[in-house]
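Asker: Let me give you the structure first, and then I'll get to my questions.
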Amino acid sequence: MTTAAFTPWILGLTGGIGSGKSAAAERFVELGVHLVDADQAARWVVEPGRPALASIVERFGPGVLLDDGQLDRAALRQLIFADPAQRQWLEALLHPLIGQEIFSYLAKAESPYAVYVSPLLIESGQYRKTQRVLVIDAPQALQMERTLQRDNTSPEQVQAILNAQLAREERLRHADDVVVNDRDLAALHEQIDRLHHFYLTLRGGQP
């Protein structure tokens with residue numbers, strides 16, 4: 001992406017489920033960096049009244065709605081991970097809409113650089129719209145452990161998500177920077193702080 005005067009230098013942040021990318025993202029926010037999360041944008045585009053939600057209900061039926069009209073994400077997740085073709089259809093519907101929301105928001109950034117967080121940064125091709133890719137990496141056993149502690153889900157469902165996500169080796173192949181998050185939160189913060197200073201240097205800001 002060509003960086004114009006009103007367009008920020010964008011860092012793409014990604015990692016598999018349970019890798020700790022959300023904790024890394026929170027640290028960037030604490031450091032004053034403008035950030036948008038693809039998961040947040042994905043919620044925005046399927047709010048009641050938005051066209052994407054109507055398309056999802058038309059395809060999957062009213063069983064994917066909660067009583068208040070909101071999308072039942074757990075029900076939809078079970079449907080798409082049981083059927084790769086359905087997952088591909090959903091991604092084809094949502095990715096362009098999510099991208100529009102994200103880059104419209106990032107264009108308003110006032111920090112020296114901005115962070116775009118997405119678990120599908122590589123798969124969606126949106127890493128091409130960033131200037132640098134940071135991958136948060138963790139051993140798969142630790143990803144499984146963290147996800148089971150955090151979410152009300154089964155080991156089988158977590159494994160299905162891991163299997164559906166991009167292979168770890170392929171994700172790392174696209175990385176400009178890698179943070180191995182296999183210790184505690186303080187260790188993660190230390191690595192993010194160091195990279196933050198580096199990114200400020202790249203942007204000509206003050207470390």
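Cβ atoms are placed via backbone N, Cα and C, with glycine included.
Sharing the feature lines straight out of Swiss-Prot:
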type	residues	note
BINDING	Gly18, Ser19, Gly20, Lys21, Ser22, Ala23	ATP binding site
DOMAIN	10-207	domain 'DPCK'
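A description of the local structural setting of each listed feature is requested, covering burial, neighbours and distances.
Answerer: All chains included, 28 other C-beta atoms sit within 10 angstroms of the C-beta of Ser19 (ATP binding site).
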Asker: Need one number: mean pLDDT over the domain 'DPCK' (10-207).
Answerer: 92
Asker: Measure the Cβ-based neighbour count of Gly18 (ATP binding site), defined as the other Cβ atoms within 10 Å of its Cβ.
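Answerer: For Gly18 (ATP binding site), the count of other Cβ atoms within 10 Å is 24.
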Asker: State the count of C-beta atoms found within 10 angstroms of the C-beta of Gly20 (ATP binding site), not counting that atom itself.
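Answerer: I count 23 other Cβ atoms within 10 Å of it.
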